[in-house]
Ligand SMILES: Nc1ncnc2c1ncn2[C@@H]1O[C@H](COP(=O)(O)OP(=O)(O)OP(=O)(O)O)[C@@H](O)[C@H]1O
Ligand SMILES: O=P(O)(O)O[C@H]1[C@H](OP(=O)(O)O)[C@@H](OP(=O)(O)O)[C@@H](O)[C@@H](O)[C@@H]1OP(=O)(O)O
Ligand SMILES: [Mg+2]
Ligand SMILES: [Mg+2]
């Protein structure tokens, strides 16, 4: 009998393709029965393949329609992830709403989001009453997070005098001092991995009265020689910063994953310096830069293998008993392993 393999079609922007599709990933996946095949975005998706699974990060109505057509023609194919689930991450308000809905039991740590409001037009921006409940400094973020360079352009606004320089629609979010280190939590199915990155430095009372506005973009991705305040980062030791408790982070990650119905995302967390055990989620990104996650090839390959397992189970169920949706246990796995595999891909 021919060896069972999994064909994954990937549809990614060139930049993403260059960072994510490395030979090391292709080779490892191939050795475990998974073939990663580029989707030609100039050709209709339905005319390509066959694909068992589509991995994608593209924007727009046309692409979403192609995915829907493909899914209706290939009902057993797995789309990672559904465009309707990704959609909420394209708006910085709906993105964080889901955090407020999470209920996680943890006795020592608490979590939430910074106080924020949305400003749609210049008129409201100039109306002080609209934002009088916010404390300065605030960060002004473009409302839309659509992957464009523009959607990452932010401004740290030290006081009210600089407000008229902003361009709505924006989200105004209170800046919270957090010791200049941000935690990025990468999620790949059930896998959760937290890493430290540099962030904006804390803002002193003095700075609030002297400075006006600081524009920046993707500060956690800056190379070492591009640091905003070199002296600050020399003083700040990333290595000395304590990680948040792993179980706490995993609980949030799993809660978010279920609530959002997404398998592939990361979220940014800061620790509020005023409390020490209070964490704030400030950003959630679909299909982030996984290549920056140590050991990403293994993590992604394991996830692809779980998809393959899930698809094999689907087929066995269909053949043996089309009306019985219960996944039968396999001889190669314990009951616990079966449960883990079932939960690792959410579709
Ligand atoms: N409320 C906040 N308090 C303190 N620092 C913040 C806050 N919001 C954002 N930052 C800082 O600004 C950076 C950029 O903000 P944010 O993560 O929302 O932007 P982004 O462009 O969506 O980032 P990414 O590249 O992760 O998609 C954060 O990494 C962090 O350093
Ligand atoms: O640039 P990288 O590949 O590393 O990934 C970044 C990714 O850019 P890309 O998807 O265009 O590649 C960004 O996506 P968009 O918001 O722009 O859609 C966003 O998710 C960042 O948070 C990622 O960096 P990370 O959070 O992992 O550090
Ligand atoms: Mg971010
Ligand atoms: Mg983001």
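Keep in mind that glycine also has a Cβ here, set from the backbone N, Cα and C atoms.
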For the 1D-myo-inositol 1,3,4-trisphosphate site that TrEMBL gives as 16, 152, 285, 289, the extra residue out of 115, 122, 184, 261 is 184
Going through the binding-site residues 152, 177, 181, 183, 268, 289 in sequence order, which have a CB under 6 Å from an atom of ligand 4? none
Do you know which of the binding-site residues 177, 179, 183, 268, 283 end up with C-beta under 6 Å from ligand 3? 268, 283
Which of the listed binding-site residues (16, 57, 92, 152, 184) has the least company, meaning the fewest other Cβ atoms within 10 Å of its Cβ? 152
Out of 152, 179, 181, give those binding-site residues positioned within 10 angstroms of residue 283 (Mg(2+) 1 binding site), comparing C-alpha atoms, in sequence order. none
Contacting binding-site residues, sequence order - 152, 173, 177, 181 vs ligand 1, Cβ under 6 Å: 152, 173
Mind running the binding-site residues 16, 92, 175, 181, 285, 289 against ligand 2 and keeping the ones whose CB falls under 6 Å of it? 16, 285, 289
For residue 268 (Mg(2+) 1 binding site): intrachain residues, at least 6 apart, with Cβ closer than 8 Å: 182, 183, 184, 185, 220, 281, 282, 283, 284, 285
